[in-house]
Amino acid sequence: MTTSVFIDGAAGTTGLEIADRLAGRSEFSLITLSDDRRKDDAARAEALNDADVVILCLPDDAAKAAVSMIANPRTRVIDASSAHRVAAGWTYGFPEIVGHDTVAQARFVSNPGCYPTGFIALVAPLVRAGLLPADWPYVCHAVSGYSGGGKALIARFEDDTDIAFRAYGLALGHKHVPEMKAQTGIGHDPIFAPAVVPAHRGMLVEVPLHLSMMPQAGSPDALRAALAEFYAGSKVVKVETDQPDELLLRASMEPVDTLTLRVLGAKDGTQARLVAILDNLGKGASGAAVQNLNIIAGLDETAGLRL
Ligand SMILES: NC(=O)C1=CN([C@@H]2O[C@H](COP(=O)(O)OP(=O)(O)OC[C@H]3O[C@@H](n4cnc5c(N)ncnc54)[C@H](OP(=O)(O)O)[C@@H]3O)[C@@H](O)[C@H]2O)C=CC1
Ligand SMILES: CC(=O)N[C@@H](CCC(=O)OP(=O)(O)O)C(=O)O
């Protein structure tokens with residue numbers, strides 16, 4: 001039996017990449033709306049209630065409105081927006097962190113944000129293991145390709161090719177902070193400093209640590225070993241052991257759904273940089289949505305992913 005899927009927002013950046021990953025998958029049948037009907041609420045309501053699984057690739061307000069249009073209790077929802085990431089009744093769709101069974105059983109799944117995917121993947125297992133303190137003022141620096149801002153930011157960077165680096169979120173309080181705090185169990189809002197570089201996709205998320213002030217953390221090697229143990233067996237999340245002098249994001253990066261983690265340590269072990277590299281449109285959005293869809297449909301979680 002095929003699972004019918006409706007991508008609401010299918011013409012957007014995330015929606016198009018989900019459709020790419022589902023192309024040729026006989027386990028799913030896509031419900032599609034023509035371009036002139038894709039924003040017609042009556043047509044959307046019909047599709048939202050016909051589908052076994054709906055994937056919302058919409059701005060937050062439109063995602064909330066879409067959920068309110070669903071009357072069919074059988075319809076399951078994966079929301080790529082940030083509307084429901086810390087909302088009651090929603091499961092945080094990060095199977096490696098919340099458990100695959102939790103996602104498999106959920107009716108309402110909220111995809112993680114792209115930056116939080118890196119931060120949570122690095123910090124949550126180490127806090128759970130008691131190696132990093134929950135009561136600590138964490139800082140997170142990150143750079144993203146401009147597709148992270150959807151069609152509007154893509155247009156801006158394609159129009160103004162003179163932008164070399166865009167720091168933003170300068171007033172703090174980025175909308176990703178609540179999920180970063182909730183899913184790691186840390187006690188303070190992390191200071192989150194995001195930026196955009198002139199590349200279409202790709203993302204580097206970093207958490208610098210003063211290990212000398214964290215007696216329970218042990219060495220960088222101990223942190224790396226704990227992450228490797230946590231993600232052992234995952235085909236999506238990889239913990240690298242190399243200690244490169246530089247890490248590059250390439251403007252020519254191809255779509256990829258892996259998440260690569262590193263613990264880079266000072267020789268004397270007093271400081272470390274936890275670094276996650278991912279595709280904001282891969283494990284940061286569309287790849288994560290397809291992974292969750294696979295889990296919900298009872299399939300191999302990596303089917304159709306670019307690993
Ligand atoms: N881009 C990324 O890397 C990530 C994105 N996300 C989230 O995913 C969601 C989608 O983002 P993204 O694909 O980048 O955004 P885009 O702006 O590229 O696409 C959004 C799509 O939604 C459509 N849309 C807007 N309002 C409605 C409506 N009322 N009814 C039907 N369609 C509507 C837009 O139509 P139109 O084409 O006419 O503008 C557009 O096609 C957002 O909430 C975003 O925050 C999450 C993680 C990463
Ligand atoms: C580069 C850029 O603008 N990125 C977006 C986040 C992209 C993403 O993760 O989407 P959600 O907001 O739905 O989580 C931002 O900072 O708002």
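Using N, Cα and C of the backbone, Cβ positions are placed for all residues, glycine too.
TrEMBL labels come from automatic prediction, so no person has curated them.
TrEMBL annotations:
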- Cys114: active site (ACT_SITE)
- 4-105: domain 'Semialdehyde dehydrogenase NAD-binding' (DOMAIN)
Check Cys114 (active site) against DSSP and tell me helix, strand or coil, would you? helix
For the domain 'Semialdehyde dehydrogenase NAD-binding' (4-105), mean pLDDT (0 to 100): 98
Within the same chain, the residues at least 6 apart in sequence whose Cβ is under 8 angstroms from that of Cys114 (active site) are Ser144, Gly148, Met203, Leu278, Asn280, Leu281, Gly284, Ala285
